[in-house]
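Accompanying notes for the structure given below.
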């Protein structure tokens, strides 16, 4: 591997780490722009990355881990000794460290958890029970909570005393709980600022604060933040006990991640994630799992062509138009898929509103089908001068465009309705159906008027 | 249009608004779950939506506007009288109202601005100068700033006095400016809480706070928040004067929006946005602008088939494999495009690191090309029993897969390097080149051994 193509800093980092000069390497990383440093770390071999982390102290190593994309971070932390890994994870925010642990092989995760500070380990264990896309998986456990019987001056004294621990907390809101850990109120820091010291916080707090449930879906939390202009929301369990806080920024980041993974799935990246630093076998296998389904579907669709071989032999120029019809129907249909996917994720359409979507899509399909059909029919006429050939081609293009946008618009709603992931399956279903219909329209149509083409 | 398919609430809302019962309608909307209410509003005709807004008071109307996606909100606010529109916009957060104004036709925008409170209008005018994806376009102007010579108790007195105005502000940080509006420090609310009243805030603040520049790109602001764990950052102009604040949640929302619009563009939605409530003409025209480019490219690619008509006539079964090769190469290439797009937007790869990407993609391409080629060659052999046919097909599939992943991986980097938007152009470039190569490999290869097929 030649390093010439990478920046000088990257080359220098590789050199420093391979010489074991980790504190120099850390210093170099700190002087690099953030993303440049991330890229440089990704260009290190897995062994060098491991060596770097093992030889830095935990807080410094945590800083390095935070630069890495999640999959890479999991990989490298798994490879270093559990004791060291535990110390590094303790330095990360609770939600990030839980995300990493939950992605590890269970044996290694267990061994790291057993090396962690018991309190931190218990916290991590409670967080890793949750899925990444539910409220419990989005929340942090670093937040301020106090018992309702405290006074303002007691609270302020605690803030002073534990200033260092709290320094990394987001403290816009302070949550108030009763003796059984139930959430009973929320206090804004500014209200505290404006109140005399002997007031009980239960008299100052906003009662019955809104909260999300720990098992609420990402969509539900998203809707919560659309409805309420808060920067954070408490999360409670089924008994109403306060278990964490979701920040608006964490929700937005999760939505962004979901959109990104939908895009990747729609382009055939199974699992919704691939980085070029992943092992070749993993990348190749994941991509192939999607491609192999597609090639089978493609062969099935193309068998329509085999069925009409005689027609095709009689008018060989039809073969030129088959891939065009196939590609263009795919394009038109994918536009409709994309709009449906987006309207679904913004909640602008419900899975049951199929007719609404079909009506809207058919209108677009008729106009665009007419335009594309006339264009392609015109090309056919100019090339071959056969009115019948051109009618068959333009008719097939028109009808198939309408079919493609209808299917493209409807399939994501249908899949969602049956609890399937529309991102991954919509494309293959769309192209298979539109290929079959398209080939059939061109070749079936041509066979009816074959003597005149 | 039949309303049967929509929920009872939606039907009732349409009824109430068309009867002019706007306060009842508002009440109904407020009792509906947030997204249900949004859907119901979108099912109203533009005229009814307009009537609803005109007849509510500004604060209530603003609440309705906030439910709507941006394009719809712009549309409806543009249609109502400027005086009313101005009153509604004043009720929205500064960044949202500026976003709406900047999307309106300039005549209407000017007329609304002239009806607004002069101070709010000046603020809006300063915000609409910025692009949506630069720091100035992400910032809000609702934040706390105080002069450095103030004392803690003066500041607290101001907070008390203006509590109502500040109630919608995010007040985690308080910014400190000098006499020329230059940002000189930042104060955390909690530090204020823990300090005696007569201390000057200039002695309490963190000096030389980090800030982003008003013209910084979305990527730059993103990198800032990756590097620093703050929930917000001040924005300064070229003279160092404080002009606004970007919240982490606003940055995350902008990133999410960018990812979504990249996905839509990649699927052929020019402009990166389409809602089915948009006028038919707009939807159809935008989609067609992409399709018409694609059909021309498709015709060019398919002319390779026309060139080899004699070969095809001699071995008609080749026609079955042409759309398969075209589709599958598109699939393989799109996977590589998606991974490159993602690595670019996460900053994990630089546009100049082309060889790195090509090396990584060729490795995957070789494995997957081999697998797909053997599979498709096997199908060809089983069907026709011709070794030469099957060799041509499987060779073409293998080579074209390698070409497709190479082009798919490299094109987004190249487009970015030349300042073009890779989301929109990568797909068409990819499929055109791989179609040409694929058709050429199949038909050119077959023509060499045509006597033996």
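In case you wondered, yes, glycine gets a Cβ from its N, Cα and C as well.
Taken from TrEMBL, the feature domain 'CBS' covers A:205-261. Remark: secondary structure over the domain 'CBS' (A:205-261) totals 24 helix, 17 strand, 16 coil, with classes taken from DSSP.
Per TrEMBL, the feature transmembrane segment maps to A:288-308 (among others).
A Cβ distance under 8 Å defines the sequence-distant neighbours of the transmembrane segment (A:314-341), meaning residues of its chain 6+ beyond its ends; these are 262, 266, 305, 349, 357, 361, 364-365, 368-369, 372, 376, 380, 383-384, 389, 392-393, 396-397, 400-401, 403-413, 422-423, 426-427, 430-431, 434-435, 437-439, 441-443, 446, 450, 453. Annotation comment: TrEMBL describes A:314-341 (among others) as transmembrane segment.
Positions annotated as transmembrane segment by TrEMBL: A:362-383 (among others).
Here TrEMBL flags A:389-415 (among others) as transmembrane segment. Beyond the ends of the transmembrane segment (A:389-415), by six or more residues, the same chain brings 315, 317-318, 321, 325, 328-330, 332-337, 339-341, 344, 349, 351-354, 357-358, 360-362, 364-366, 368-370, 372-374, 376-378, 380-381, 421-422, 425-426, 429-430, 433-434, 437-438, 441-442, 445-446, 449, 453 to within a C-beta distance below 8 angstroms of the stretch.
Under the heading transmembrane segment, TrEMBL lists A:427-450 (among others).
Mean model confidence of the domain 'CBS' (A:205-261) amounts to 94 (pLDDT, 0 to 100 scale).
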